[in-house]
Amino acid sequence: MGGLPTENTSSTLALIGSQQNHGSTVNKPGTDTKPKKKICCACPETKKLRDECIVEHGEEACAKWIEAHRKCLRSEGFNV
């Protein structure tokens, strides 16, 4: 009769569940992390392409590059 105890199983699982929930609120990875760079120094490749396009073709024609630069900035932690 080497089975698992059935009496305390639900209370044990409840205890484990409450410990996991408690730990997750304390150790939650932050989405509000500060950017590691200044915004002017982040994403130089997309910034260059965006700026060149705007100078040559105007802002209206460069929505693709503008959005690519914004996406890159967001990935670096900036709220744009």
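Yeah, the Cβs are placed from backbone N, Cα and C, and that goes for glycine too.
Just so you know, TrEMBL annotations never went through curation; they're auto-generated.
Database features (TrEMBL):
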type	residues	note
REGION	1-35	region 'Disordered'
COMPBIAS	1-30	compositional bias 'Polar residues'
BINDING	C40, C41	Cu cation binding site
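All protein chains shown were included, and the count of other CB atoms within 10 Å of the CB of C41 (Cu cation binding site) stands at 11. Around C40 (Cu cation binding site), taking its Cβ as the centre, 7 other Cβ atoms fall within 10 Å, counting all chains.
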